[in-house]
Amino acid sequence: MLAIVFSSPTIAQKSPPAPVSPVLPPAPAPAPAPHHVDLADLLSVAGPFHTFLEYLQKTNVLETFQNQANNTKEGITIFVPKDSAFAALKKTTFANLTQDQLKSLILYHAFPKYYSLAEFNKLSTLNPVTTFAGSQYTLNLTYNMGTIQVKSMWSNPKISSSVYSTRPVAVYEVDKVLLPMQIFKSDPPLAPAPAPAPDAKASDVAPSPTSGKAASAKAKADEKNSSYQVGISIVNYLVLAVSGGLMLLW
């Protein structure tokens, strides 16, 4: 019986080992989506840059800047004037511009490339620098001991602060509006300075005519009263003198 069992080909053959599954390396984690800066949100909370933001939206330049920031390797550098810089110019300065001129003016406030503050020293040696408005619209940069000025034809503002500077977006605050000669043939007039508030009321500074007359009348009355009192004193003195003389005669 044992000989039959061990001689059976089915029992005698060993089962082949089960195939080993290959061990694959873990799949790499998906790359995080790039962080995009929302320029409208940034300008609405910083600044105040409300006037510049309104022009960005009115001319659709905001979409151009946002696309440059999100979809290009070059990035963007934007010079943003504060609201006070626009208020310093006469209101008709921008009211008389055509839509194309206004769009070029806003495009003039940006470079189609990201520049950190440290890069402006080298960039100033390449003057003039072309802006987003085109090859005819250029700016001259000066870098002096850390002070950076951005010169156009009719204005020479300095960079007051860095609002945001992380590649690919740089936003810098300037204290004046950049005014190119291609749009403005002469220096735009400034807004009239507000009249200073009076320090004191007129009645506190100079007496009115009525109060002057009253003061004069009061002075005359006081003078008359003083003269009357002096006259009474003299009469009393004479009466006393006469009375004393009569007493001596008695």
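Note: Cβ is positioned from N, Cα and C throughout, glycine not excepted.
Remember, predicted model here, so these are calculated numbers, not experimental data.
In TrEMBL this protein carries:
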- 16-29: compositional bias 'Pro residues' (COMPBIAS)
- 198-218: compositional bias 'Low complexity' (COMPBIAS)
- 36-178: domain 'FAS1' (DOMAIN)
- 1-29: region 'Disordered' (REGION)
- 192-219: region 'Disordered' (REGION)
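Each residue in the domain 'FAS1' (36-178) gets a DSSP state, and the totals come to 55 helix, 43 strand, 45 coil.
For the domain 'FAS1' (36-178), the model's average pLDDT works out to 95.
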